[in-house]
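According to Swiss-Prot, the protein carries these features:
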MOD_RES   S2  N-acetylserine
BINDING   H83, H85, H170, D189  Zn(2+) 1 binding site
BINDING   D87, H88, D189, H231  Zn(2+) 2 binding site
LIPID     C254  S-palmitoyl cysteine
Amino acid sequence: MSALEWYAHKSLGDGIFWIQERFYESGNRANIWLVRGSEQDVVIDTGLGLRSLPEYLYSSGLLQDCGSKEDAGRRPLLAVATHVHFDHSGGLYQFDQVAVHRAEAEALARGDNFETVTWLSDSEVVRAPSPGWRARQFRVQAVQPTLILQDGDVINLGDRQLTVMHMPGHSRGSICLHDKDRKVLFSGDVVYDGSLIDWLPYSRISDYVGTCERLIELVDRGLVEKVLPGHFNTFGAERLFRLASNYISKAGICHKVSTFAMRSLASLALRVTNPRTSP
């Protein structure tokens, strides 16, 4: 299967494109965002990486190919992972320039499929990307980041800037990217319009509460009007406020106890399926 078949996209205007993996039918299917700038383009999350995402970007005309991969005339392209979970980081190995938060840089560099929570089944991939492909073969490949991100860093695209916000809770290195001028928030799995996951091995409820308080502050200060999340559909500031507030309100003792049990089961399952890379 070609990259042009595997991916599909639509334009949201203002140089932003929403890309998805057509034949990965799962709640884990991540949104891939392309943000075009005057001096640099940025891909936010890369999906599973079962077909070449860079090939799709150029073959579909989303980006202009000025020649060979080494051609200095090509505008720089940076792949940013909002976190290293497999559904977001699987395609990072296809890019020359890769950025991730420092808290998860080591896990990515060693291909730690325990921390990437790799969990994929044949039933979720409704058309095999290549003959004989099986989900049990899938692993997130080790990638050495070329850019280590911290809270407050700014990624300069020329005519727009994306500010890094370290937002742990879902994972220890989760980030949002905030376009302050346009009041757009690329939220990864920090927040999306669904049940927020805080029961994975490196999730932490106390961190998530602090993150949600930051999200509420963004809304209160009028700094976000549109959220482009890691899963499902986009939404606005009012929904962002409600999602963050609801999480804080439920994060009591009962939730912590049930989450502890779920985290224990998830960790056990991941250690069985990813024995070589679990700590």
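Positions of Cβ are set from backbone N, Cα and C atoms, glycine also.
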Of H85, H88, H170, H231, the binding-site residues given in the record, which has the fewest other CB atoms within 10 A of its CB?
H231
Nearest by CA distance to S2 (N-acetylserine): which of the binding-site residues is it, out of H83, D189, H231?
H231
Tell me which of the recorded positions H170, D189, C254 ends up closest to D87 (Zn(2+) 2 binding site) in space, Cα to Cα.
D189
Return only the integer: C-alpha distance in Å from H88 (Zn(2+) 2 binding site) to D189 (Zn(2+) 1 binding site).
9
Show which residues of the chain containing C254 (S-palmitoyl cysteine), separated from it by at least 6 in sequence, have their CB under 8 Å from its CB.
none
Just to verify a number: CA distance, D189 (Zn(2+) 1 binding site) to H231 (Zn(2+) 2 binding site), in angstrom, no decimals.
7
H170 (Zn(2+) 1 binding site) versus H231 (Zn(2+) 2 binding site) - Cα distance in angstrom:
13
Say we define neighbours as other CB atoms within 10 Å of the CB. Which of the recorded positions S2, H83, D87, D189 has the fewest?
S2
So around the Zn(2+) 1 site, H83, H85, H170, D189 aside, which residues have their CB within 8 A of the centroid of those CB atoms?
T82, V84, H88, S171, S174, G188, V190, I197, L200, G230
